[in-house]
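J.: Supplied in structure tokens, the structure appears directly below.
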């Protein structure tokens, strides 16, 4: 019998409604197969660091340059996080204060640009990110944005277009990276183009930072002037972000983060980032990164064998983008049916998608979270089979038959997940 104290005992006594909802979310994360590629599980150590008294302390400024007293221990924690980031990624400078990925990217704009300046990024429907200048984002409203995409024949970044647009539009900043890129990003090719047009190259590695740290994706260091990343995806840290750069941009970035955009940093998050970075420096993390990529390759291979159309024909990293057009269904109904069946992924636009963003042609899935639970090739093949079953049932349009498939698969998923510990949650 587990005699460990209930970690939510105080919360249950104060606010049982919230405590019950947290427990329900814990069960959901344990019982489902989580394939959203931007999600993961943090370790118990990271969870513990996040929920500490560090949240009580205001710390405007930077280590040894604060506006409030009582920073003796906060300064040490933030300095440790900075030094670990510099060591892990091999960079000159790191800022660990950005609240999340979008504020981190906005700090880059504030540091380098004036309103109306031209920026260039991957078009959102092609796999880019809102903050790379997409029109509905502040970055596309306050700045002049131009986009590049992928080749229609290969689904890979069209470097001829990147070069052509860069030469024609002369952007001051070029973003390399995105949210739905299943292939290796050629940072050297981006750097060559950026140098030609005298642009600052920003590598947004939010999705792949853990793969870079684990040595299974080429690093942008030495190619990019600035590197932006979240800490909560493949890096397995808390919800936060980091900006890394050469010394040339260090002061401008620090000033843009504080006082430009933010006040006091979230010290509890900074501590958890430090813990996650230490975990990422261990040999086991390199094994984890390799297993993410290996699992994605098996999952992609099995989906291809079952007749699914994968954007770019496969994957080199953690992410798979599936165009369901050939299956006769759209992404949203398949994603929702799979969720009811215990498999969580997201509907997503695919390159050159004729459908609307809220009802797109594709689904996006990845392997970071299932790999964190210790799943391997056999489980990837089973997951592909379940995805195929549910997709086929959706395509047939028989709601009663679909409900039966969903119910059966959900039960099978629950049985499978019992065999794999849930990081941070199993007590």
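Placement of Cβ uses the backbone N, Cα and C atoms for every residue, glycine included.
Below, the features straight out of Swiss-Prot:
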BINDING   124, 128, 129, 130  (6S)-5,6,7,8-tetrahydrofolate binding site
SITE      232  site 'Plays an important role in substrate specificity'
MOD_RES   233  N6-(pyridoxal phosphate)lysine
J.: For the residue listed as 'N6-(pyridoxal phosphate)lysine', just count the other CB atoms lying within 10 A of its CB, please.
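T.: Around the residue listed as 'N6-(pyridoxal phosphate)lysine', other Cβ atoms within 10 Å: 26.
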J.: Using DSSP reduced to three states, classify residue 232 (site 'Plays an important role in substrate specificity') as helix, strand or coil.
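T.: Residue 232 (site 'Plays an important role in substrate specificity') sits in coil per DSSP, no helix or strand.
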J.: Around the (6S)-5,6,7,8-tetrahydrofolate site formed by 124, 128, 129, 130, which additional residues qualify by having Cβ within 8 Å of the site's Cβ center?
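T.: Apart from 124, 128, 129, 130, the close residues are 121, 122, 123, 131, 132, 134, 137, 178, 179.
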J.: Quick one: pull the CA-CA distance for residue 129 ((6S)-5,6,7,8-tetrahydrofolate binding site) versus residue 232 (site 'Plays an important role in substrate specificity'), whole Å only.
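T.: Computed Cα spacing between residue 129 ((6S)-5,6,7,8-tetrahydrofolate binding site) and residue 232 (site 'Plays an important role in substrate specificity') is 16 Å.
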J.: Counting only other Cβ atoms and using a 10 Å cut-off, which of the binding-site residues 124, 130 scores lowest?
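T.: Comparing Cβ neighbour counts within 10 Å for the binding-site residues 124, 130 gives 130.
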J.: Can you give me the Cα-Cα distance between residue 233 (N6-(pyridoxal phosphate)lysine) and residue 128 ((6S)-5,6,7,8-tetrahydrofolate binding site) in Å, rounded to a whole number?
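T.: Rounded to a whole number, the Cα-Cα distance is 16 Å.
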J.: Roughly how many angstrom lie between the C-alpha atoms of residue 232 (site 'Plays an important role in substrate specificity') and residue 124 ((6S)-5,6,7,8-tetrahydrofolate binding site)?
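T.: Cα to Cα, residue 232 (site 'Plays an important role in substrate specificity') and residue 124 ((6S)-5,6,7,8-tetrahydrofolate binding site) are separated by 21 Å.
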J.: Long-range neighbours only, meaning 6 or more apart in sequence with Cβ under 8 Å: which ones does residue 128 ((6S)-5,6,7,8-tetrahydrofolate binding site) have?
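T.: Expected: 121, 122, 134, 147, 175, 178, 179.
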J.: Work out the three-state DSSP category of residue 130 ((6S)-5,6,7,8-tetrahydrofolate binding site).
T.: helix
